[in-house]
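The following features are taken from TrEMBL:
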{"type": "DOMAIN", "residues": "65-509", "note": "domain 'Myotubularin phosphatase'"}
{"type": "BINDING", "residues": "N219, I220, C305, S306, D307, G308, W309, D310, R311", "note": "substrate binding site"}
{"type": "ACT_SITE", "residues": "C305", "note": "active site, phosphocysteine intermediate"}
Amino acid sequence: MRIIVFCFRPRTKQRRAIFDALSRCTKPERIWDLYAFTCGPSKFCNLSPKVRLLNEYFRLLGKGFHHASMRMIEDGSFTMSNDSWRISDINFDYSLCQSYPFALLVPKSVSDDEIIQASNFRARSRVPAVSWCNPETGAVLARSSQPLVGIMNTRSTADEKLVAALCAQLSDEKDSRRKLYIADARPRKNALANGAMGGGSESSSNYFQSEIVFFGIDNIHAMRESFARFRDYLDTHGAASSDGMSSFLRHGGWTWGGGNLSSMSASVSTLGDSGWLIHVQSVLAGSAWIAARVALESAAVLVHCSDGWDRTSQLVSLANLMLDPYYRTFTGFQALVEKDWLAFGHPFSDRVGMPSISGSSFELSRNASSTGSFSSSPLRQSSGSSQASNSSHAQNNYSPIFLQWVDCVSQLLRIYPFAFEFSSNFLVDFLDCVLSCRFGNFLCNSEKERQICGVDESCGCLWAYLADMRSSEGRSHAHYNLFYDTLKHNGPLLPPAAALAPTLWPQFHLRWACPFESQAGELEAECRNMAIKFSELQKAKEVAEMKAKEYLAAMEILNVDLQNEKQVSSSAINLAKRASKENAAIQRAVQSLGCRVNFTNSSDSTVDVESSLMETSQRFSLPRRESEYTMEHNDRSDLSVSITVVADDVVPSSSPLGQVCETLCPLRTQGRGCQWPDAACAQLGSQFVGLKANFDAFDRLSIYDRYFKSE
């Protein structure tokens with residue numbers, strides 16, 4: 001959609017040299033001169049597309065748990081099947097059809113020999129092959145090229161059997177076969193014209209329970225002319241023109257629209273005259289009709305045009321997009337493009353204007369069969385016939401077929417904004433990468449050509465590049481659709497006819513001619529910024545919640561510690577009260593023995609002894625080496641308290657303390673002094689006056705005179 005104009009001063013000698021250099025760079029003669037080959041190794045490595053194609057076949061067969069590998073391809077172990085369909089390796093070396101993939105999904109009831117016979121009845125040997133199937137209902141969507149019926153209405157038993165095998169029996173009715181629709185993308189008159197030259201269309205009388213439908217979509221030449229008129233319209237009536245002069249807005253707002261209403265109306269009608277939106281609507285309507293037949297009637301639909309690689313690819317892939325939600329994701333969209341466009345041989349080099357393999361015997365130039373001016377013999381030739389190509393031939397084959405299909409995808413994205421994982425920005429970047437020659441995915445005209453050129457090993461991968469772009473920003477990247485909802489559209493999309501009114505795709509069509517007006521994605525960008533801010537706030541909220549949880553956990557720990565401290569404090573208070581009570585009991589017990597004990601804060605203990613043996617009270621002040629006050633608490637026993645006073649040396653019986661001991665100790669040995677530490681009192685654990693007792697019980701104990709020796 002971009003037109004670049006180079007201007008030179010008069011009599012500039014370098015004009016011819018610059019023109020030749022631009023021509024050489026924009027239209028290289030050899031494929032090896034493309035940037036994808038000359039830029040050197042790319043960090044975006046391309047895994048084998050064959051492996052990805054087999055994985056998609058496995059998914060369609062309901063065997064998605066299998067994973068394809070190069071070893072599986074080399075040993076031929078990929079030919080799996082289910083009850084209705086099988087993967088055939090009949091085209092493994094491209095001997096059946098050079099524009100078809102190495103593996104085909106075909107009816108299980110048809111043998112490879114019958115497929116070979118049927119290939120002779122189809123243009124370019126492009127036999128009917130399965131593109132998509134529903135494992136639950138048995139509905140199938142197949143594709144092929146036109147039959148070679150000619151003016152004699154020739155028939156092929158093998159082809160009729162192969163097409164009939166697409167119509168498996170309905171699961172709910174034993175003796176009923178599903179309806180077969182043969183969708184011819186061409187106008188009826190074009191199909192009849194091709195019949196006069198060896199091609200044509202099927203007859204419903206030759207195919208059981210079938211219906212032939214013509215969609216009336218024009219060929220590649222009509223699309224090329226329409227696109228050229230459409231681009232000129234945008235360049236002329238846009239806000240900026242390529243030469244700076246042809247635009248009606250070149251002199252400012254006062255000449256807007258040519259200066260009057262009639263000029264404005266004429267410019268709008270010019271858009272309709274280009275026919276681009278009408279062609280887009282035709283493709284959308286045909287695809288919606290096919291998807292409805294498969295989804296609502298569980299029918300079998302066979303789609304073809306002339307060669308089966310242009311309009312057929314548009315209709316089949318767009319119908320797949322409507323039928324299967326998987327194709328509306330990033331990975332599914334890649335699988336869809338690689339299956340129905342790359343593997344099934346859409347001639348990208350011819351349609352985009354890039355060189356194909358030249359200067360070798362592998363030159364795969366296309367015959368001008370799609371124009372309708374062909375004989376019967378070229379139709380039966382494979383696409384690998386060696387034939388010299390020239391620039392005029394490549395120019396005749398140029399057509400924006402794939403661009404038109406992506407435009408249709410953008411229309412569906414506009415109608416169903418919640419159904420697609422990718423955004424319109426992704427489609428714009430995707431198309432730019434297709435046309436940039438930076439990657440090798442869309443070079444050459446078929447899978448065989450790309451294998452011969454070693455594209456997968458020599459060139460970078462577009463899909464890896466786009467995935468790397470998305471991984472840098474995650475879900476906030478512009479390629480992601482903010483409104484994508486997997487639950488809202490988890491089934492087929494069946495738009496009614498009234499909804500299929502296409503409009504200009506602003507992000508792509510208007511970005512050069514009307515830069516300001518092309519920012520239709522500003523609202524989406526603003527929503528994306530709000531989503532990013534919301535995500536940041538969400539993350540901040542999660543961090544705050546984590547901190548709050550940590551604080552709550554810390555508070556709980558502190559509360560537990562506080563409760564433990566309270567319990568310890570309460571226990572200490574209870575123990576202190578009990579110790580005080582025990583001390584009082586000890587004092588009463590000692591006083592009942594005729595002694596008075598005073599405890600001080602110093603290291604000394606003062607003991608007053610009153611006894612009838614002594615005429616006067618004597619006070620003994622003992623330096624204490626060690627004073628222990630031990631409290632032991634056990635749930636199974638009573639609280640016991642021991643008071644121990646140990647003198648520096650063993651106290652002799654002649655000392656006043658020894659006299660006290662002999663006077664008070666009821667266990668002393670008769671006629672002898674204190675036998676500490678061998679006395680009986682030591683065996684009871686007492687180091688002073690032989691006292692160790694349960695003080696609660698001791699408090700209740702009666703003191704009898706017989707404990708004391710009286711004179």
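Cβ atoms are placed via backbone N, Cα and C, with glycine included.
Heads up, TrEMBL stuff is auto-annotated, nobody curated it.
The structure, with features from TrEMBL marked on it.
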| residue | record | Cβ within 10 Å |
| --- | --- | --- |
| N219 | substrate binding site | 20 |
| C305 | substrate binding site | 29 |
| D307 | substrate binding site | 27 |
| W309 | substrate binding site | 28 |
| R311 | substrate binding site | 29 |
Self-check item: Diameter of the substrate binding set by C-alpha atoms, the set being N219, I220, C305, S306, D307, G308, W309, D310, R311, in angstrom
Solution: 12
Practice problem: Can you check how the pLDDT averages out over the domain 'Myotubularin phosphatase' (65-509)? | Solution: 85
